[in-house]
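Trainee: My structure is below; once you've seen it, I'll send some questions.
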Amino acid sequence: MEEALEMARAKDTKERMAAVERLHQLLEASRKSLSPAEVTSLVDSCLDLLKDSNFRVSQGALQALASAAVLAGEHLKLHLNALVPAVVERLGDSKQPVRDAARRLLTTLMEVSSPTIIVERAGSYAWMHKSWRVREEFARTVTSAIGLFASTELPLQRVILAPILQMLNDPNQAVREAAILCIEEMYMQGGSQFREELQRHHLPSYMVKDINARLERIEPQLRSTDGRSAHHVVNEVKASSVNPKKSSPRAKAPTRENSLFGGDADITEKPIEPIKVYSEKELIREFEKIAATLVPEKDWSMRISAMRRVEGLVAGGATDYSCFRGLLKQLVGPLSTQLADRRSTIVKQACHLLCLLSKELLGDFEACAETFIPVLFKLVVITVLVIAESADNCIKTMLRNCKAARVLPRIAESAKHDRNAILRARCCEYALLTLEHWPDAPEIQRSVDLYEDLIRCCVADAMSEVRATARMCYRMFAKTWPDRSRRLFSSFDPVIQRLINEEDGGIHRRHASPSVRERHSQPSFSQTSAPSNLPGYGTSAIVAMDRSSNLSSGGSLSSGLLLSQSKDVNKGSERSLESVLQSSKQKVSAIESMLRGLHISDRQNPAALRSSSLDLGVDPPSSRDPPFHAVAPASNSHTSSAAAESTHSINKGSNRNGGLGLSDIITQIQASKDSGRSSYRGNLLSESHPTFSSLTAKRGSERNERSSLEESNDAREVRRFMAGHFDRQQMDTAYRDLTFRESNASHVPNFQRPLLRKNVGGRMSAGRRRSFDDSQLQIGDISNFVDGPASLNEALNDGLNSSSDWCARVAAFNFLQTLLQQGPKGAQEVIQSFEKVMKLFLRHLDDPHHKVAQAALSTLADLIPSCRKPFESYMERVLPHVFSRLIDPKEVVRQPCSSTLEIVSKTYSVDSLLPALLRSLDEQRSPKAKLAVIEFAINSFNRYAGNPEISGNSGILKLWLAKLTPLTRDKNTKLKEASITCIISVYNHYDSAGLLNYILSLSVEEQNSLRRALKQYTPRIEVDLLNYMQSKKEKQRIKSYDPSDAIGTSSEEGYAGASKKNIFLGRYSGGSIDSDSGRKWSSSQEPTMITGGVGQNVSSGTQEKLYQNVRTGISSASDLLNPKDSDYTFASAGQNSISRTSPNGSSENIEILDDLSPPHLEKNGLNLTSVDSLEGRHENEVSRELDLGHYMLTSIKVNTTPESGPSIPQILHMINGSDGSPSSSKKSGLQQLIEASVANEESVWTKYFNQILTVVLEVLDDEDFSIKELALSLISEMLKSQKDAMEDSVEIVIEKLLHVSKDTVPKVSTEAEQCLTTVLSQYDPFRCLSVIVPLLVTEDEKTLVACINCLTKLVGRLSQEELMDQLSSFLPAVFEAFGSQSADVRKTVVFCLVDIYIMLGKAFLPYLEGLNSTQVRLVTIYANRISQARNGAPIDADT
C-alpha cells in the first residue's frame, strides 16, 4: 500500500490513475484491519487526489476510501471532519461516475459509523450548498440511506425531514424532484406515522396538496404483523378443502411470522416475500445462483439480497424438499465468508438467516451449527456492538434449537483458557444454555467430565461475569448430576462455597434453571390426589382403546372432550357416550394400579411408557410422529364470553370430576376485568383454546370422498388453517374423525405430561413442526390448558420445569393471574409462595416466545398492587428484565410492559425505585433500552411529592448521577438529551442540594463538561450553583475558627463548612477526600476541655451538658439547656453576658462577648477574642449569633500567647482558598507548611496533622500545576518527617498519588511517582497491597501500568513465604492484564512476573499454567536473562 500511495503522488496522470486502481485492488483483497498510521496516510493522500483534474483519479480515490472505510473501523472516525466536506464537494462534480462514487462512499461511511451522524455532518455543508448539483445528489444519497437504514436507525428520518421540506422551495427543478422522491421513500418506510410527522411542520396548503397527490400513488411497506387478514385466510382454507392436492410445497403459504427472532433480537426486518419453487431442479438452480453471488467480489447490497432470497425460499416452503438440507451444505462456505465481512449490515443479515434456518430445521441444522459457531466466536469479541450482539444472539438461538454437542468441547476450551475475557464469559453462557435446554440428551449426559472441568476452572476466573455464570452452571450441574456435584463442591475454595450457598437463596441476573428432574422422589398417585399434569386422570373420563380401531369397536375421545354421540363411517353400529364410558370402566383400575407403580423418572422414559401401555392395547406416540395435530383457533373477533360459551361442553365432564374447568377461569376473569380488557383476554383465550363444540358432522357421502392422502398430510394442512379465521361449519368430517383418533391415541396413554411436552418441545423431526411458531397450536397444547393446573404449587412446578413448552408456562401465569383476581384470599396464597412465584417471573420475563412474555407481564401488572410490600424487595432484580422487553419488536409484548411500568410508577415512590433503576440502567446494553429507563426515571422524579430542598437517598442518588454523567456526552442525541433532562428533574423535584454537592465533587474537567451541558437547557442550575458556592464562603467567613476545634467536612461541602444537619466541634469528620477514591476517614482528636472561669451562674449540670453537646456536635443552641435552666448568664471579667434564652430557641436579648481586646486579637474574618483576666487558660468559649431566627454554634478562638507569624489554622484557611485567596497565598501557605514539616514540632503535628493532610490532598486537584507541585513536595517531606502519623493514612495517600501520577504535566507526574516510590519502599507493604490489588482490574491503561509498577516494587519487599501467600490475591488480575491490547501494559506485566519468578524460582512455574505457551516462554526468557545479569547465573541453573 505504501508503494501505491507513493505512486499516487507522481506528477504523471497515468501513474496516478494506475496508483489509485492498484490501491483499490489492494484494499478490496485485504482482510486485515488498517492501523491508525495507515489510515492517516491513506486519508491524507486521497484528500489531495479528490481535487485531481482527471476525473478518473478522483473516482479511484473515492472508491479506495470506500474500501478502506470497511477496514479502518474506529480509526477513520478521527478523520471524518476533514473527509466528509471533501466528499460532499465531489457530489457536485461534472462527471457522473465521480458523483456516483461520492454517493457510495457516503453510504459506506454511514454503514461503518452512524447514518445519523454522517447525515448531520454532511448536511451542514450539502443542504444549503451553492451548487444545485450537490444539493440534488445529497438528496438522492439520503433517499437511498432511508431505504437501507430506516429500520435500524430511527432518528434518521427526523434529521432529514426538515431540510428536505425546505428543498421543496428550491429554485432548481431537479433538486425539488429529488426532495419529493425522498419524501416518497420516507412515506414508504414510515406509513401513517410519517403523515403525522408531516403535520407538525405546518406546511402551506398548496404544498400539502402536492405531497398528498404524490403519496396517494404509492403503498407504504407495512411492518410484519401477527397473522394475516381474515379474508385471505378464509379463502385459503376453502381452497384447501376443495382440492386436497394443494398441500404440495408449491401451494404452501407461509404462516410464520416475519419477525423470526421471536423476541431475541432488537431489530425489525422488512417483510420477506415468499419465493415458491415448483421442482427440485428449480431449487438447485436457485442455490447455485445464491452461492455464486455470496462471494467477496460482489457488491454488498447484492449479497444481502441473495441472503434475503434464501429466507424467501424458506418462507415459500423449500424446506419440504428432501434435497434442501444437502443444498444448504453448499452455502456453509459462502455464509462463513459473509460472517467474516467487515460490514455490520452483511454480518447482521447472515446471522439473521442462520437464526431462521435453525428455527426451521431444528435438529437437521445441527451439523451446520457446529460449523458456524466457531466462526461466530470471532465476532462475539469484536468492538462493533451491532456485530457482537448479532453473533451472540445467533449462537444462542442455534443452541436453543439444536444440540450442537460436538462443538461443546470447543466452547468449554474457550471458556477456560481464551485470552479474551468477553469470549470466556459468553462461552460460559453458551455452556449453561446447552445444559439448560438439552439436559437429557445422551451426548450431554456423556459430557459430565467436561462440565466439571469447565466449572472448576471458571469459578476462579479473573473476570467476575465468568465466575458468576460458572456458579449458575454449577447449580444446573448439581440438578443434573447430583452425585458428582457434591464432590465438585467440596473441591471449591471456601469463598466460592460461601458465595454459592448465599446465592442459592436468591435469583440472579440470568437466573439459574429449575430442577430438570427429581431423581429420588417416589410420589404415590391416587385418584383423589392425582396432579393435573396427568391428562384426564382424576378430572375427566378415561377411555383406553387401540389407535387403529374404528368407532365400531371403540369410541374415540380426547381427554376432557365429551361428545353426545359418535358414529362410524359405515353407520353399522352406534355407541353412545354412556356405552363408551361403561366399556372403559374395566380398564380404569388397571391404569390406576399401573400408574401407582411407575417411578417419576419412568414418566420421562418413553420405553417404560410403551411397555406399560401395551397391555391396554394403546400405541403411545413415538418420538418421530407428532402425537397431536393442530386445529384452527376461534375467531379473534369473539369476546371472552363467546369463548366461555363455546368451551362449556368441553369442561362439563372435568368439572363433574372435581377438576378446574376452563369456563370457570374465563368467568372469573370476566368478573374481575373491565369490558375492554375482558375482550383482550378473550381474544387471547380464543387463540389459545380452540373450541370443539362448533365442529359439526357432514354427510357420509362427503366423508367417503376424502382420500388417504389428506390424512397423511394432515399436519401440513392444519398449519395453514392456523393463520386466521376459518369457516367451522364447513370443517370436513374426515378431518374431525382423524382428529378424534389422533387425540385418543395421544391422551389415553399419555397420563405423564412431561413426556407429552418433551415430544412436542424437542424430540420431533424438523419436517413435522416449527419451533417457537405461535400460530401452530396443537391438540396436546389445548389439553394442557383444559387440564390446567389445579393448585398454585402445581402451576409453579409446571412453569419452572425446564422441559415444559410455552403453553404450560402461559397456563401457569394464567392460573396465577386468576388467583390474584380472587381478592385478598388469592393474594395471600400467592404471598405464601412468593419466592417461588418470583422465580417464575424472573425465569420467563426473558422468554423468547412472545406469548409467554406477554402472559408474564400481564400477570406481573396484577401482582404488584396485590403484593406491594413483598414485591418491593424483588424490584431491583425484576425491573431490568421488564425494561429489556420495552423495546421488544412485538407490540403485544411492549403494551403490557408499558402498563406494568405505569403501575410500578404509581405504586412506589422514587426513593424505592432508585436502586432498581440504577441496576436497570447498568444492565441495559441497547441505547433504546437505556433511554427507556431514563425516561421512566424522569417521570418518577417529576411525580415525587417531597420537598426538593430536603435531601433524599443521597448514597444511591450519587451513584445514579454518576451513571448519567457520561451519558450527557453520548453520541446518541436522544440519550444525551434524556440524561440531561433527568439531571434537571432531580434538581427541580427531588434533591437540589444533593445535585449541587455532586457537581462540586467532580473533577474540574467533568464539572465543566456537565455544567456546560446543563447550561444549554437551563441557566438556573448554574446560577444556583454559583450562589451556593458563594454562600458557603460567606458562612465560613462569619464562623469562628479555633485551632484546636477545626471544623472539617467533605470536599463536597467545602473546607471548614457546616453540614446541613449538624456541626461537628473539635472532631474532624472528613467525607470523600477524593471523588475517585471515596474513602472516609476521621481524626481521633478530641475537643479541648472547657475549664474554669465560665461564670458562677451556670449550674454544674448545664455546664456538663454543654460540654457533652459540644462533643457530639449538636447544632441547636436550645438543646444545650434543660427547660429548668432557661435563665442563665455567662460572666467574664464583669462585662460580658448572654441573657435569657428560651427553650424553643428564640432570643430575648443577646449581647455578644465584647472585651477590650489586647493587641494580639486575631480577626481574619472570624470572631476572635482574648481574655487575659480569666483564671486559667480558656481554649474554648461559646458564642451565639442570630442567623435567620436560629442559633448556630461556633467556636471561639482564644489566643493566649503571642506569635510572630500566622498560626496553622490561618495557613490552612489561606491554602484552602475559601476566602478567594489568590494562588500566591496558597503557594506561601504550602511553603510555610513545608518549613513546619522540616521543623517537625511534635505539638503542632499531633494537633493539626489530619487537618493539614486533608487540605494538602484537596489542593492536589488545583488547576495550577505549580501549586500541585508544591503540595507534592510537602507530601514528600511529610512522608519523611511525619512517618508515624502518615502510616495511619497511607491508603488514601497512595490512591491520591496514583491519580496525580496520570497528570499531563511531566513535573507533577514525576513528583507524584517519587512520592509513591517513597511510600512503597518505606511503609507497610501489606497496607500498600490492600490499595494496589483492587485497582489491578481497572480499565484505564495509565492507572493499570502504574499499579503493576507499584506491585513490582512491593514484591521485592516480601519474603518468599509472604509472597506465596499473596499470589492468589493478585495473579488472576495480572494474567488478565497480560492479554491487554496495550503494549505498555503487557511489558509492565512481564517485568512484574519476572521479578516474582526470580524470587520464587521453579516454585512459581505451576502458577504460570494460566498463561499460554508464548507468554510463559517470554517470562522465562526474560527471567533467565535478568537473573544472569544480576546474579551471574540463570534461574534454571540455580534451582
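Glycine is treated like the rest: Cβ placed from N, Cα and C.
Pasting the feature list from Swiss-Prot:
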- 522-532: compositional bias 'Polar residues' (COMPBIAS)
- 632-649: compositional bias 'Low complexity' (COMPBIAS)
- 672-696: compositional bias 'Polar residues' (COMPBIAS)
- 699-715: compositional bias 'Basic and acidic residues' (COMPBIAS)
- 1074-1088: compositional bias 'Polar residues' (COMPBIAS)
- Met1: N-acetylmethionine (MOD_RES)
- 238-264: region 'Disordered' (REGION)
- 503-539: region 'Disordered' (REGION)
- 611-660: region 'Disordered' (REGION)
- 672-715: region 'Disordered' (REGION)
- 1074-1101: region 'Disordered' (REGION)
- 36-74: repeat 'HEAT 2' (REPEAT)
- 77-115: repeat 'HEAT 3' (REPEAT)
- 154-192: repeat 'HEAT 4' (REPEAT)
- 281-319: repeat 'HEAT 5' (REPEAT)
- 366-401: repeat 'HEAT 7' (REPEAT)
- 809-830: repeat 'HEAT 10' (REPEAT)
- 872-910: repeat 'HEAT 12' (REPEAT)
- 912-950: repeat 'HEAT 13' (REPEAT)
- 954-992: repeat 'HEAT 14' (REPEAT)
- 994-1031: repeat 'HEAT 15' (REPEAT)
- 1287-1325: repeat 'HEAT 18' (REPEAT)
- 1405-1439: repeat 'HEAT 21' (REPEAT)
Trainee: Would you kindly list the residues that approach the repeat 'HEAT 18' (1287-1325) from elsewhere in its chain, counting only those six or more residues past its ends and only Cβ-Cβ distances under 8 Å?
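Mentor: Tertiary neighbours of the repeat 'HEAT 18' (1287-1325) are 1073-1074, 1076-1077, 1079, 1081, 1250, 1253, 1257, 1260, 1265, 1268-1269, 1272-1273, 1275-1276, 1279-1280, 1331-1332, 1335, 1340, 1342-1343, 1346-1347, 1350, 1353-1354, 1357-1358.
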Trainee: Taking helix as H, G and I and strand as E and B in DSSP, count the residues of the repeat 'HEAT 18' (1287-1325) in helix, strand and coil.
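Mentor: In the repeat 'HEAT 18' (1287-1325), the DSSP-based counts are 30 helix, 0 strand, 9 coil.
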Trainee: What residues, ordered by sequence, lie under 8 A Cβ-to-Cβ from Met1 (N-acetylmethionine) and sit at least six positions away in the same chain?
Mentor: Leu23, Leu26, Leu27, Glu38, Leu42
Trainee: For the residue listed as 'N-acetylmethionine', which of the three DSSP-derived states applies: helix, strand, or coil?
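Mentor: Assignment for the residue listed as 'N-acetylmethionine' reads coil.
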Trainee: Please work out the helix, strand and coil residue numbers for the repeat 'HEAT 7' (366-401) from the DSSP assignment.
Mentor: 32 helix, 0 strand, 4 coil
Trainee: Quickly jot the same-chain residues contacting the repeat 'HEAT 13' (912-950) by Cβ under 8 Å, restricted to those at least six beyond its ends, or write none.
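Mentor: For the repeat 'HEAT 13' (912-950), the far contacts come to 154, 266, 385, 389, 509, 872, 875-880, 883-884, 886-887, 901, 904-905, 956-957, 959-960, 963-964, 967, 970, 972, 974-975, 978-979, 981-982, 985-993.
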Trainee: Per DSSP, what is the residue count of the repeat 'HEAT 3' (77-115) in each of helix, strand and coil?
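Mentor: Output for the repeat 'HEAT 3' (77-115) reads 32 helix, 0 strand, 7 coil.
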Trainee: Note the mean pLDDT of the repeat 'HEAT 14' (954-992), expressed as a whole number.
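Mentor: Its mean pLDDT is 87.
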Trainee: DSSP helix, strand and coil counts for the repeat 'HEAT 4' (154-192)?
Mentor: 31 helix, 0 strand, 8 coil
